[in-house]
Amino acid sequence: MSRKQLALFEPTLVVQALKEAVKKLNPQAQWRNPVMFIVWIGSLLTTCISIAMASDVMPGNALFSAAISGWLWVTVLFANFAEALAEGRSKAQANSLKGVKKTAFARKLREPKYGAAADKVPADQLRKGDIVLVEASDIIPCDGEVIEGGASVDESAITGESAPVIRESGGDFASVTGGTRILSDWLVIECSVNPGETFLDRMIAMVEGAQRRKTPNEIALTILLIALTIVFLLATATLWPFSAWGGNAVSVTVLVALLVCLIPTTIGGLLSAIGVAGMSRMLGANVIATSGRAVEAAGDVDVLLLDKTGTITLGNRQASEFIPAQGVEEKALADAAQLASLADETPEGRSIVILAKQRFNLRERDVQSLHATFVPFTAQSRMSGINIDNRMIRKGSVDAIRRHVEANGGHFPADVDQKVDQVARQGATPLVVVEGSRVLGVIALKDIVKGGIKERFAQLRKMGIKTVMITGDNRLTAAAIAAEAGVDDFLAEATPEAKLALIRQYQAEGRLVAMTGDGTNDAPALAQADVAVAMNSGTQAAKEAGNMVDLDSNPTKLIEVVHIGKQMLMTRGSLTTFSIANDVAKYFAIIPAAFAATYPQLNALNIMRLHSPDSAILSAVIFNALIIVFLIPLALKGVSYKPLTASAMLRRNLWIYGLGGLLVPFIGIKVIDLLLTVCGLV
């Protein structure tokens, strides 16, 4: 679910942004943007010159200098406004989160168990390791892990999703977020962070932090813009002695106007806004990025590691068939499979119990009365089961059961291998059931590939992004599903160690890797990946290891994250192209006007036939300021994104923003020149 989007020019945000734009005229704020700092200095210099001219301290046209000075200040204000508006939109999103933070009291337990004596303490005094009790209608006072109990939790204040979720002790759904509300039952929670370090605190700080760190690409582009600015500064500085030697020295006001029109002020004024807006768009998709660096990395990703279940398939694998080994009755296999699944709360485990009930009327046994020992599934063992009445029953992946059988002195039957291959070739997942060292047979689990996913992978492939399916299934099943879904590669029988090794392998090849995860066992791989999207429903360890958190806990969101990242990079590249192309057109307006008196031959460059030198220079300066405002919507919303190859994207960029950057100034400056002339302002 996405958050409600703010209108692009929300009146309250515009007013606040205008106030902030004026505050940002402070030289300390301007220094952070070298290109606009040059414009700020030029504005100050021309203001002083116009005052001196008005006071007859200096010769010259005071009105013309004042007009140039005024529009240079407007240029700086518009650049400040673009950044302030982008920041204001992010802060507005953060304010909705601030409303979740409530000063409340918590029941701090003296012992880590339900029913223990409790002390009433302010929620903001809870420390990491404290144990609290929350009951129906209570606000959860801190981020933490559920150590006892289970409850329905309303997380809409953070995720925007109205449907309640279940949080319970054990497994990957034990993580809770401070500020959410208990709807029913109770939880005993161990706080996992100190005050000021909660997930909500980090979200708010991230979206409204004034000191946003620049990303590597942003730094590289800033260096390029500074280099261009220095080149134009030196070139402009040399023009005065040339014109003076020619007998008609160009005024400092005109030289400043020339410099401002030639340096890349358009992208210089919008660069910060593009970065802030990219993070804001990510938040609009209900994904929290810990930094702009993470959003930028998403745009550069060329390998996606996608979990099969929930991302590529619908994730509701159901037991469809019991296939007994030679000499074993199907009912005996079903009975053992049901016993091994009684404590398995996964959808697959419940479906095995139900299938046994439907096929052979095997009623679900009372777990408490069995006096059995249940063996939970782990990523390392890849088995689960039950020990009951001297019977040791296990179900799990083929390789895991094979190792288990051989470790217990048994032999894995060849006919079961054939049955496993048959199930796998059909795209189903085979689970093998064993009692002691005797293999009883195979359970077939069927899953369905999501509609339209193959087309989405084809689009990613066109963009040069490799898709890799991660699954715990055996190689045959994985290969069948990979072929059906259209992924480029797959990792079968995946373990946390195997995922980590695969990420490192791709990174060693110079690739950037993105993945999702929700469990504690995903934390090492999430920490290693370049873009790591942790599920909000996952464990605290997973959320701390990732550099993004998906509030909707939707693994498919990873593809959208990559799209948003690429859109931000495309927006930056497109506006840079437009800005530099702009400079070429402004060259034809201002150079002839500034130097035609000294070098009449330059009149040949006056292809726009502007009214007079003063109107030409003023028109170029006005256009230079106004174009920033006209491009603010594009900077905030991003350019339209289409999955294309890199070469096709470059061609499209050059045609639209390169050619557009050349033509728009010719039209704009000519129109402004006509208006100034008609109104008698020059």
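Placement of Cβ uses the backbone N, Cα and C atoms for every residue, glycine included.
Here is what Swiss-Prot says about this protein:
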TRANSMEM  34-54  transmembrane segment
TRANSMEM  62-82  transmembrane segment
TRANSMEM  219-239  transmembrane segment
TRANSMEM  254-274  transmembrane segment
ACT_SITE  ASP307  active site, 4-aspartylphosphate intermediate
BINDING   ASP344, GLU348, PHE377, THR378, ALA379, GLN380, SER381, ARG382, MET383, SER384, LYS395  ATP binding site
BINDING   ASP518, ASP522  Mg(2+) binding site
TRANSMEM  588-608  transmembrane segment
TRANSMEM  616-636  transmembrane segment
TRANSMEM  656-676  transmembrane segment
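Below 8 angstroms of C-beta separation, residues 25, 27, 60-62, 65-66, 68-69, 72-73, 75-76, 79-80, 222, 225-226, 229, 233, 252-253, 256-257, 259-260, 263-265, 268-269 of the same chain, each at least six residues beyond the ends of the transmembrane segment (34-54), sit close to that stretch. Put plainly, the recorded positions ASP307, ASP344, ASP518, ASP522 were compared by Cβ crowding within 10 Å, and the winner is ASP522. A helical conformation is recorded for ASP522 (Mg(2+) binding site) in the three-state DSSP classification. With a threshold of 8 Å between CB atoms, the same-chain residues lying at least 6 positions outside the transmembrane segment (254-274) that come near it are 33-36, 38-39, 42, 45-46, 68, 72, 75, 78-79, 82-83, 85-86, 212, 218, 221-222, 225, 228-229, 232-233, 235-237, 239-240, 568, 571-572, 575-576, 578-580, 582-583, 586-587, 589-591, 594, 617-618, 620-621, 624, 627-628, 631-632, 635-636. The two recorded residues, ALA379 (ATP binding site) and ASP522 (Mg(2+) binding site), show a Cα separation of 10 Å. Simply put, out of 219-239, 616-636, 656-676, 616-636 has the most Cβ pairs sitting under 8 Å from the transmembrane segment (62-82).
A strand conformation is recorded for LYS395 (ATP binding site) in the three-state DSSP classification. Sequence-distant contacts of the transmembrane segment (656-676) (same chain, at least 6 residues past either end, Cβ-Cβ under 8 Å): 574-575, 577-582, 584-586, 588-589, 608, 610-611, 615-616, 618-620, 622-623, 626-627, 682. In this record, ATP is bound by ASP344, GLU348, PHE377, THR378, ALA379, GLN380, SER381, ARG382, MET383, SER384, LYS395; the longest C-alpha to C-alpha distance in that set is 19 Å.
The two recorded residues, LYS395 (ATP binding site) and ASP518 (Mg(2+) binding site), have Cα atoms 24 Å apart. Among residues of the same chain six or more beyond the transmembrane segment (616-636), those with a C-beta under 8 A of the stretch's C-beta atoms are 8, 64, 67-68, 71-72, 74-75, 78-79, 81-82, 85-86, 89, 254, 257-258, 260-261, 265-266, 269-270, 273-274, 277, 280, 571, 574-575, 578, 582, 586, 589-590, 592-594, 606, 608, 610, 664-665, 668-670, 672-673, 676, 682. Between the CA atoms of the residue listed as 'active site, 4-aspartylphosphate intermediate' and ASP518 (Mg(2+) binding site) there is a gap of 11 Å, rounded to the nearest whole number.
Cα separation, ASP518 (Mg(2+) binding site) to PHE377 (ATP binding site), rounded: 16 Å. Around SER381 (ATP binding site), the C-beta neighbours below 8 angstroms that are at least 6 residues distant in the chain are GLY396, ALA400.
Every protein chain considered, the tally of other Cβ atoms within 10 Å of the Cβ of ALA379 (ATP binding site) stands at 15.
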